[in-house]
Amino acid sequence: MKFFEESRREVMKHIEKYMLEKMHEFLKPIDQIWQPSDLLPDSTRDTFFTEIKELQESAQGLSYDLVAVLIGDTITEEALPTYESWLAMVDGVDKGEHSGWMTWTRHWTAEENRHGDLLNKYLYLSGRVNMRAMEVSTQYLIADGFDIGTGTDPYRNFIYTSFQEMATNISHRRVASLAKRDGDVLLSKMCGVIAADEARHAKAYKHFISKIFEVDASEAMLAFEDMMRKKIVMPAHFLREVGLKIGQTFGHFTDAAERLKVYTAIDYVDILKTLIDEWQIESMTELNEAGEKARDYIVKLPDRLLRVAERMKNPMLEYKFSWIHG
Ligand SMILES: [Fe+2]
Ligand SMILES: [Fe+2]
């Protein structure tokens, strides 16, 4: 255990300099990046009420499932305290206030913070949402935390974030195009800018892992295998509504996302394929025996998962979320 921690520490220290080099490519400088107010009606202007009226009219065109997915996405984004504290607990990194990895985590958190902020304000103004019910779900999710199987291992954490940032990129991007289809151009723009952030984040975490593969291939491979065996669970898997038990709302949320093709089992396989490809898993040879076994498991996994995904039925409609009026 001691050796394990020490070698992780060494690797993370080594990777830190690559992260610091590219930090301002992966995370945009604060004075240059978009802010929620750039996209929202300005309450100091005379046109405020007309703009809200327009916003509400466009929001009327959104389908029930799309509103449900958008609320689930917003709650997921707003549970950011859970993710920040989880990243701050990771082993093998210097926890000092000004250390590289802590700086990364704070800057990443600052970027992420705008996502829930923007979507929450949009939903509040939209007139479609029971805000209190949604806020209760957000509070529950933050208080309940999550259990995603990474422990405090930095490798597993960054494999998880690589996967997860890609997944959020896909889902925000799809919500953007569905919003456009339903005539809500403003919402489409909002989800578009968020999706672009997620794409940068994904690029960052994938880069960190590829650097880890360069120096500690077998251990990284074992971590990747372990995460894939456990399956990558979404950070909102404990989602619930008032009166329900932990996690009872989550399946209804993912059903709506699956129905709309915002995020599907096929997307899961596609993300896995991308990671295998970008990390050059198949051609990796400098591995110990366990690492080789792990590699072979991972390489075969997409086909297996695809067969399962193709057999899955499109989930049926009808669940009524407490979050949505009418
Ligand atoms: Fe986000
Ligand atoms: Fe992100």
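Glycine is treated like the rest: Cβ placed from N, Cα and C.
Automatic, uncurated: that is what TrEMBL annotation is.
Residues or ranges marked as Fe cation 1 binding site in TrEMBL: Glu77, Glu112, His115, Glu198. Per TrEMBL, Fe cation 2 binding site is recorded for Glu112, Glu165, Glu198, His201.
Highlighted in sequence order, Leu80, Glu111, Asn113, Arg114, Gly116, Thr168, His172, Ile194, Asp197 have their Cβ within 8 Å of the centre of the Cβ atoms of Glu77, Glu112, His115, Glu198, the residues recorded for Fe cation 1, and are not part of that set. Apart from the site residues Glu112, Glu165, Glu198, His201, the chain places the Cβ of Trp108, Glu111, Thr161, Gln164, Thr168, Asn169, Asp197, Ala199, Arg200, Ala202 no farther than 8 Å from the centroid of the site's Cβ atoms, the recorded Fe cation 2 location. Using Cα positions, the member of the binding-site residues Glu77, Glu112, His115 nearest to His201 (Fe cation 2 binding site) is identified as Glu112. With a cut-off of under 6 Å between the Cβ and any atom of ligand 2, the binding-site residues Glu77, His115, Glu165, Glu198, His201 reduce to Glu165, Glu198, His201. Every protein chain shown contributes to the tally, and the Cβ of His201 (Fe cation 2 binding site) ends up with 22 other Cβ atoms within 10 Å.
Closest by Cα distance to Glu165 (Fe cation 2 binding site), from the binding-site residues Glu77, Glu112, His115, Glu198, is Glu198. For ligand 1, the neighbouring binding-site residues among Glu77, Glu165, His201 are Glu77, by Cβ distance under 6 Å.
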